[in-house]
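To keep things clear, I will list the structure first and then write my remarks on it.
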Amino acid sequence: MAVNSKYHHSCINCGGLNTDERNERGLPCEVCLPEDSPSDIYRALLERKTLKEYRFYHEFWNEYEDFRSFFKKKFGKDLTGYQRLWAKRIVQGKSFTMVAPTGVGKTTFGMMTALWLARKGKKSALVFPTVTLVKQTLERLQKLADEKVKIFGFYSSMKKEEKEKFEKSFEEDDYHILVFSTQFVSKNREKLSQKRFDFVFVDDVDAVLKASRNIDTLLMMVGIPEEIIRKAFSTIKQGKIYERPKNLKPGILVVSSATAKPRGIRPLLFRDLLNFTVGRLVSVARNITHVRISSRSKEKLVELLEIFRDGILIFAQTEEEGKELYEYLKRFKFNVGETWSEFEKNFEDFKVGKINILIGVQAYYGKLTRGVDLPERIKYVIFWGTPSMRFSLELDKAPRFVLARVLKEMGLIKAQENPDVEELRKIAKEHLTQKEFVEKVKEMFRGVVVKDEDLELIIPDVYTYIQASGRSSRILNGVLVKGVSVIFEEDEEIFESLKTRLLLIAEEEIIEEAEANWKELVHEVEESRRRSERELTDTSRSLLIIVESPTKAETLSRFLGRASSRKERNIIVHEAVTGEGVILFTATRGHVYDLVTKGGIHGVEEENGKFVPVYNSLKRCRDCGYQFTEDRDECPVCSSKNIDDKTETLRALREISLEADEILVATDPDVEGEKISWDVTQYLLPSTRSLRRIEMHEITRYGFKKARESVRFVDFNLVKAQIVRRVQDRWIGFELSGKLQKRFGRSNLSAGRVQSTVLGWIVEREEEYKKSEKDFTLLVLENGVNLEVEGKIADDVVTVVELQEAEEEKNPLPPYTTSSALSEISQKLRLGVQEVMDILQDLFEKGFITYHRTDSTRISLEGQNVARTYLRKIGKEDIFMGRSWSTEGAHEAIRPVKPIDARELEEMIEEGLIADLTKKHLRVYELIFNRFLASQSAAVKVKKQIVTVDVDGKRMGIEQIVEILRDGWNLFVPLTVSPRFEHRTYKIKEKKFYKKHTVPLFTQASIVEEMKKRGIGRPSTYAKIVEVLFRRGYVYEDKYKRVRPTRFGVMVYSYLKERYEKYVTEETTRRLEEIMDKVERGEEDYQATLRLLYEEIKSLMEEG
């Protein structure tokens, strides 16, 4: 259901102008193909002699289906989900890393690709790490191949005549497929570099990467000249990216995923010359139940081992503890092995079932922690104590991150200073005793454990825990098998600290022993492995997720275990492997299209009585930042040719979309996000049909999972609402801006309904402010109370004439919406509203808060549970009072997504668990967190006084809280408690006379409040409107952070009010906002609304 728009560069055949209606139906533009419903688009274009780019898509799908049927015929099975993705890349001629778990057919795919290419007369080389694999592959290939396919292999133990046969065919290029070992690549570098292969498959990239010169050899084997490799390497050494010559068309290089991280910079040659990085399988797909047992009881351990019986790893904190456990369990006749003296032998015995239990030591790089991938055997992981990092707190030995944090907090070093550890220790000794230092650490590092007697800081090693527990749950034959992790931990502080970090990093929770049903868990563990052994239908799929922001794509891919990244034209694509297959993440980097500026009515054509918006790709000058839509090679402002054109982004998305089985557009959950979603969807529909929309309200694993459960198509009411807003902005903005520019002779001036209305408030408030100056006196009473009284007070006493006391329950404020967040955070932290909005955007995209553009105060049950969990953690569950606040609103209020406070986040930044958060981010997060927790806490019971006093013959009322009777939400948002009054006369200790304006000037915060109150603007535009007023020079901020109009701003507003008042009145602006809201809800026809807008500004246009 298209929305009657035209898009430049969207025709799938000529790349020209097409309608969204034709794109939705998969049709090229009318110039290429006037027909409305051809039975065969390719043939119709061919017959009209207008066939262009559509040939590529037609041939792509034909080639892919040919590969698929060939594979099925030869191998007897259809492609798996992983293999479908790889096949589509092969057909497109792309090099890549095969990132996938074991048992999904990587080697089979490499062989079948070589055989398929051989049919086309193309040459392939298959490289394996061992002679055994070379032999096995040769045998399999010869069984599968047709007689005409020439296959030769080489290994050292071959017969003499076979070697000679290989060498002859190799020298004469008389072969289709060659199979040899990594060692052969190293020894025959010169010969191989002279050959040109269409396809090179490397089965064990780790073995190849051991000798960095092998990388050059592989690149030359696919046709990249040595001179280009040298140039590329030289560029990479300078920290730059090498741009491969456009005329260079190399063959395809496919490598298996690495197990170790590639070292050095030479592997970056793959990135710059073949557009892929050597990825590692870092699957975070896990299905683990974590259980905590709150005592280190060996009897309990024995009881548990008798339930589990087999497939058990035990991690002790030290080798001594491990030996003690080993000897203890031997006494109970358990079949147990250790890993500190005979790792290889005992591990092999464990592998084949001769040993049931294996004991190792907790260590991040330990062999048992990282070097083991045996999900068929490892089912249960037991930790004898929490994996921890221990740091001395002696002033001579304390670690740098602890010293720096303490000294910065005390103001002894500046935030930007970076002294070395010895200098830090020296400063600490000069200003702190050992006892004071430990007390400071306790006060500041709340989420860790400080042992006074040992002067030791203990931080749970969450990454070691995640790595080691993950041995029990992996993808096995396409099935994510179940695992159980048990932690024996007595120390409550250490356990809570681990629990918090596990929730942040892996989004996994730990249950207590009482909640665990061991019998049921054992059944789930065994059943998942039985399922992996059965002959199952392959359910793996490839999925492409398109978001707006590269940060969001990066955050999501990291949560799901990013395995590799690559560049596709001008965008980055991240790849992750999950239990259901491969997920690709990429970003549009904001809007991809905008209204053209020339033609029609400011970019909107009128056809058959209907308005048709015309869009072109957005272009942005990388040098000066100017944005435009015209098709031109240089910036219209600074003439730079360094242009970022979203046409490239769209083309890249079309190419990537061909790889995936399913595409989900996950742009922001608002009207702007919906419009971007439609812009992308209509562009991709001609080349792929499996395309839907999801909304993510938080960037977490949970948020992603929940969004996947509510897949839908684009909401056209939201798209239409965005079009109406944009067209209204364009029409009124262009017309009024043109009048201003002409009147004042300045080309950078702008006007708009909301912008000009708000400017009017500021101008008028300035006038009211100037007229409102009055005398005031500040009285400081002997009981410590300050009273502000209008007028000049002569008396030296204040008499209490009436006094009442009452108990009252005070309820909390609701959680933040966009307007209340911008207003309060801007005010409290003295930040501009645009800066606050940018910080909120960062916190959302990095997965710390829910979506930040919202008018709703609603809190979901999941949100309420975040509050309950945190209150339980700090021992305050008794004050939990779950409130939904509202049942309305597509979004929730702004809230934290995890029960982790700002102090804990700060500690995790110091530990390196979190990156890219500044002090400002933490302060904003703290305000959001506290406001949210307050909103979910019980009412505060207070005692208040209602007092009437006589001052200079005038009576004034005072109401104040004098006592907190029962704590509640005030633990997060403190209340002011004032000194009590008694029924008597109080001396005035001090008087201060001053003049004060009774009408306050606006601040950025109060402008946003006013916009919300008067129904002007929207959550997504509040900050932007304020920012535009500053940028245009209409307003400025004085030293008290008050917003005031410039002389020029007053002139602009006076001119608009005098000449064009009806277009910029508050009433007109509010009425239009209401109409646009109705379009969003589907209650108003959007074409009729555009007609109404047009008729309203027609006279303005005709004025000239």
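Glycine is no exception: its Cβ is also placed from the backbone N, Cα and C atoms.
Within the set 1-39, 508-546, 1054-1092, the record from Swiss-Prot flags 1-39 under the feature zinc finger. According to DSSP, the secondary structure content of the motif 'DEAD box' (203-206) in residues is 2 helix, 0 strand, 2 coil. Every protein chain shown contributes to the tally, and the Cβ of C11 (Zn(2+) 1 binding site) ends up with 25 other Cβ atoms within 10 Å. Across the binding-site residues listed here (C14, C29), the residue whose Cβ sits among the most other Cβ atoms within 10 Å is C29. On the 0 to 100 pLDDT scale, the domain 'Topo IA-type catalytic' (715-1101) averages 93 in this prediction.
When each of 87-242, 300-522, 715-1101 is scored by its Cβ pairs under 8 Å to the domain 'Toprim' (542-699), the top-ranked stretch turns out to be 715-1101. Those same-chain residues not listed among C11, C14, C29, C32 yet with C-beta within 8 angstroms of the centroid of the Zn(2+) 1 site C-beta atoms are I12, N13, G15, G16, L17, N18, P28, E30, V31, L33, T50, K52. Around the Cβ of C32 (Zn(2+) 1 binding site), the number of neighbouring Cβ atoms within 10 Å comes to 23.
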